[in-house]
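The structure under discussion appears below in the form of structure tokens.
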Amino acid sequence: MEENTVTTKPVTTEPATSEPVATEPMASREAAEPPTAESVSTPEATATSVGNSAAISVRNAETSARDSATSIKAAGGHRHSGSLATSRAKRRYWVTMAILGVLAVAIAFGLLAWDNPLPITDEGFWLIAEMRAQNLIVIAMVALCQAFATVSFQTVTNNRIITPSIMGFESLYVAIQTGTMYFFGVTALVDLKGLTPFALQLLLMVGLSLMLYGWLLSGKYANIEIMLLIGVVIGGGLGSVATFMQRTLTPSEFDVLSARLFGSIANADSSYLPLAIPLCLIACTLLYLSSSRLNVLALGKGMTGNLGLRHKIETMKVLFLVSILMAVSVSMIGPMIFLGFLVAMLAYQFADTYDHRYVLPMSGLIAFVVLGGAYFVMKNLFYAEGVVSIIIEVVGGGAFLFVILRKGRL
């Protein structure tokens, strides 16, 4: 008999484990949600958005155009090509020229008519005015010479803080006067007037400058900076020689010499005018007619060659005319170192342009107003016409130091 055996397996109970609940991300749930009416981009909404963007762009363009028109109007009207780009700049220039012209006429009339004991209807009035006209002509000539020479020299050297005096014209004048006193005495110095001594001084000054220019600007390695440096050295050497000779003079001789070494209108002689006037007018006219070339030279040596001008030749032409003007000015009244610098600085500030067609005439008027006004005030109000050059040198030297301290910026 077979026995039925039942095999039983032990029952094992597993501990209940908590399964983690799977959570769907927010992005998937949001993606699974049906879109709403606000989130659906319809063609009408797209068209509305594009229309709004176009309207905003139009408004921005209108605002920009209105701002540009306002800025142009504030600058003085519509801009155009030329040296004086706006109507405001033109108006300012011609108003300044008109004011300077009125001042020049008033100063000229004052120099001729002030303190004249006779009425204007009397013939004696015009005789006195004719005698005073010599000083007026000398002032006008010196003003033109200093103004045109300084502006042109600064353009050629591309430096706004130096003047033609750096080439030693004043030092040569002082050496000539001192040498005459040292070797020939007081009588020879007093007699050193007239057309012949004046012409000899002109030839000596212009000849020295031509030798300097021809030597230093005609070689392969011509350099205008070296020329200026040698001019400073020559001027310093002449000044040292003149100072040595002055030390050996007697007090009376030195007193007579000192009166000739300061720039003064009284040093001018009427016999100088037949030679000085043509030289001054010819040189100033040639410089003014070369205004366009001066504008190109102001751009620098490289740009001058690119624009078709020979920089070396044009520079020598301008320096030759500058030497004539400076020789005439210094031989007429004596040295005035800072007059040209003061005039050129004011001309550039008032003209507000670098075009020599406008700067040169304004510089001439400013020079006449400054020199003539100082002479009129010191002669008729303070009775000290001999210190005119001292006042101008003090004011010009102060302006020079101001520009140097401002690092060339006004």
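Placed from the backbone N, Cα and C atoms, the Cβ positions cover glycine too.
The compositional bias 'Polar residues' annotation in TrEMBL covers 1-16 (among others).
Under the heading region 'Disordered', TrEMBL lists 1-60.
Marked as compositional bias 'Polar residues' by TrEMBL: 38-60 (among others).
The transmembrane segment annotation in TrEMBL covers 93-113 (among others).
For 133-151 (among others), the entry in TrEMBL reads transmembrane segment.
Counting same-chain residues at least six beyond the ends of the transmembrane segment (172-192), those with a Cβ under 8 angstroms from any Cβ of the stretch are 201, 204-205, 208, 235, 238-239, 241-242, 245-246, 248-249, 252-253, 256-257, 260-261, 330-331, 334-335. Residues or ranges marked as transmembrane segment in TrEMBL: 172-192 (among others).
For 198-217 (among others), the entry in TrEMBL reads transmembrane segment.
If one looks beyond the transmembrane segment (224-245) by at least 6 residues along the same chain, the residues whose Cβ comes under 8 Å of a Cβ in the stretch are 156-157, 162, 165-168, 170-172, 174-175, 178-179, 181-182, 208, 212-213, 216-217, 315. TrEMBL lists 224-245 (among others) with the feature transmembrane segment.
Through the fold, the transmembrane segment (271-289) approaches residues 134, 137-138, 141, 144-145, 148, 152, 193-195, 198-199, 202, 318, 321, 324-325, 328, 331-332, 356-357, 360-361, 364 of its own chain, all at least 6 residues removed from its boundaries and within a Cβ separation under 8 Å. The transmembrane segment annotation in TrEMBL covers 271-289 (among others).
Feature annotation from TrEMBL assigns transmembrane segment to 318-346 (among others).
Per TrEMBL, transmembrane segment is recorded for 358-377 (among others).
Annotation source TrEMBL lists transmembrane segment at 382-405 (among others).
For the transmembrane segment (133-151), the residues of the chain that approach it from at least six positions outside its boundaries are 108, 111-112, 163-164, 265, 268, 270, 273, 276-277, 280, 283-284, 287-288, 321-322, 325-326, 328-329, 332-333, 336, 339-341, 343-344, 347, 356, 359-360, 363-364, 366-368, 370-372, 375, judged by C-beta separation under 8 angstroms.
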